[in-house]
């Protein structure tokens with residue numbers, strides 16, 4: 001017959017003799033428990049403690065492995081994602097998309113290279129360089145210099161920024177060329193002649209309902225128009241102009257050139273619209289920086305409220321952060337690409353300015369708290385234990401205790417069935 005003593009769950013028995021009254025078996029069959037038997041008998045509470053301790057160690061090991069894997073992934077993915085975004089989302093060269101294609105011009109045509117130099121919304125200008133690279137369908141050549149007549153280049157003067165106050169603006173056809181091209185010098189490659197290139201400063205316009213103002217940064221959009229044609233200086237006959245290549249990047253802006261829509265353009269002339277807007281990276285960086293400014297501001301306000309108004313202890317180095325953050329935010333704002341020189345754009349009104357006001361108030365209240373008291377010497381500190389004591393349902397220990405009680409009940413029921 002097996003010896004099954006009655007054991008109280010809260011008292012572990014180790015090398016202890018049992019009285020006849022505590023045993024359900026006759027004293028003749030089983031007087032005492034041997035040391036080996038006593039050691040092997042464990043109460044449910046000890047089993048639960050050993051299992052809970054093992055589970056806690058397993059959780060710590062799993063957390064450490066997860067932390068290590070997360071750190072490695074973070075170190076590898078962050079630079080990779082940043083580099084790929086910088087390479088694929090940065091502003092591209094000026095691209096010209098003649099859609100719909102212009103009517104082909106069968107006569108003498110000048111080929112030009114157009115380079116975007118700069119776009120400055122603060123002064124509403126777009127700077128372009130025009131370079132003559134050759135001709136097509138032309139009798140001009142080294143063997144026929146008589147066919148290399150000079151060419152007048154005309155621009156829509158309303159789209160150009162002209163220096164000087166003596167210029168009278170009008171809506172007449174342009175009669176004064178902006179540049180005279182010496183085709184003979186280009187044909188014979190005359191190094192003494194002036195370079196066959198010129199620069200134009202085009203005005204930015206605000207067509208339709210676009211947000212063409214720096215107040216809408218970084219969602220501002222601008223438009224510039226190019227209308228150019230050429231004539232022979234001798235016969236005044238039309239000479240075609242074709243853009244052979246476009247290039248150039250405006251710092252921080254995405255540009256696109258296309259044929260002016262819904263207008264019948266005569267063959268050989270150019271009527272081009274240039275759209276200028278901040279690049280995707282500029283928008284992403286600006287919005288992310290604004291969100292980060294708000295998060296930092298809210299966290300510092302919570303620190304101030306916790307320490308000053310509710311009397312919890314806080315470290316002194318944390319309390320001076322709002323003062324330093326006031327200067328850090330202004331420097332962060334200056335680092336945004338293409339940002340206006342002064343305050344007043346949309347991001348300032350919805351992000352930086354209210355955050356600066358809240359931080360200034362927080363810094364003043366936090367520093368004022370040191371006049372009458374020292375928040376760093378208070379006895380009570382806000383901690384997780386205090387939070388879980390206030391809200392027991394949020395405490396992870398509560399779930400472990402409930403799990404332990406369930407295991408205790410299962411073990412007791414199992415012991416009773418065996419008995």
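Don't overthink the numbers, they just go from 1 along the chain as shown.
Glycine too: its Cβ is placed from the backbone N, Cα and C atoms.
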253-276, 349-372 - the range that TrEMBL marks as transmembrane segment: 349-372
Given ranges 319-337, 376-394, 395-413, the stretch to which TrEMBL attaches the annotation transmembrane segment: 319-337
Leading stretch by Cβ pairs under 8 Å, where the reference is the transmembrane segment (319-337) and the options are 66-89, 291-312, 349-372: 349-372
